[in-house]
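Lifted from Swiss-Prot, the feature list:
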SIGNAL    1-19  signal peptide
DISULFID  Cys38-Cys98  disulfide bond
DISULFID  Cys54-Cys143  disulfide bond
BINDING   Tyr55, Gly57, Gly59, Asp76  Ca(2+) binding site
DISULFID  Cys56-Cys72  disulfide bond
DISULFID  Cys71-Cys126  disulfide bond
ACT_SITE  His75  active site
DISULFID  Cys78-Cys119  disulfide bond
DISULFID  Cys87-Cys112  disulfide bond
DISULFID  Cys105-Cys117  disulfide bond
ACT_SITE  Asp120  active site
Amino acid sequence: MYPAHLLVLLAVCVSLLGASDIPPQPLNLYQFGNMIQCANHGRRPTQHYTDYGCYCGKGGSGTPVDELDRCCKTHDDCYTEAGKKGCYPKLTLYSWKCGSDGPQCDDSETGCQRFVCDCDATAAKCFAKAPYNKENYNIKTPCQ
């Protein structure tokens, strides 16, 4: 092997080692957002749920502030259960369809895909039923 080839091979290996430290990005959040739109028939933008109450959005703590926030806590708890089963819910892709009564998971899905799909479909339907209180969006009070 020529020295130039060895240098290229070394550079590729170093690049791959560096990339292994980059945390994976949530892949199924796009699917979950589409499920939310399916369930609420496009009446409320998905981003309205990203910083709502104590549990809608990144993280979560304290007591849910209302019914919608309880939907988010239940969804968080469902993802925790998925993790206990060895699933990676934020990285798990699945098949589903938008029916007249909201999102429906594909019957052919099994294991982690089915579990995570059920978490997301249940949450999306819960979001659609729960009242949206504008005063709970981007709340400033700490959740305890």
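From the backbone N, Cα and C atoms, a Cβ is placed for every residue, glycine too.
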Response to the item:
Quick note, Gly57 (Ca(2+) binding site): same-chain residues at least 6 apart with CB under 8 Å of its CB -> Tyr49, Thr50, Asp51, Cys72
Fill in: Other CB atoms, at most 10 A from the CB of Cys54 (disulfide bond)
23
Discussion item. Distance check, please: Cα of Cys71 (disulfide bond) against Cα of Tyr55 (Ca(2+) binding site), rounded to an integer number of angstrom.
Written reply: 9
Worksheet, complete the sentence: From Cys54, Gly59, His75, Asp76 (recorded positions), the ones whose CA sits within 10 A of Cys119 (disulfide bond) are His75, Asp76
Worksheet item: What does DSSP call Cys105 (disulfide bond) in the simple three-state scheme?
Response: strand
Item to complete: Give the residue from the recorded positions Asp76, Asp120 that has the most other Cβ atoms within 10 Å of its Cβ, counting over every protein chain displayed.
Response: Asp120
Discussion item. Quick check: with Tyr55, Gly57, Gly59, Asp76 left out, which same-chain residues have Cβ atoms within 8 Å of the centroid of the Ca(2+) site Cβ atoms?
Written reply: Cys54, Cys56, Lys58, Gly60, Ser61, Cys72, Lys73
Item to complete: Please work out the number of neighbouring Cβ atoms within 10 Å of the Cβ of Cys72 (disulfide bond), leaving out its own Cβ.
Response: 22
Worksheet entry | Distance [Cα-Cα, Å, rounded] between Cys112 (disulfide bond) and Cys78 (disulfide bond) | 12
Item to complete: Which residue among the disulfide-bonded residues Cys117, Cys119, Cys126 has the fewest other Cβ atoms within 10 Å of its Cβ, if you could check?
Response: Cys126
Practice prompt. Name the one residue among Gly59, Cys98, Asp120, Cys143 whose Cα is closest in three-dimensional space to that of His75 (active site); these are the recorded positions.
Written response: Asp120
Fill in: Of the disulfide-bonded residues listed as Cys38, Cys78, Cys87, Cys98, the one whose CA lies nearest the CA of Cys56 (disulfide bond)
Cys78
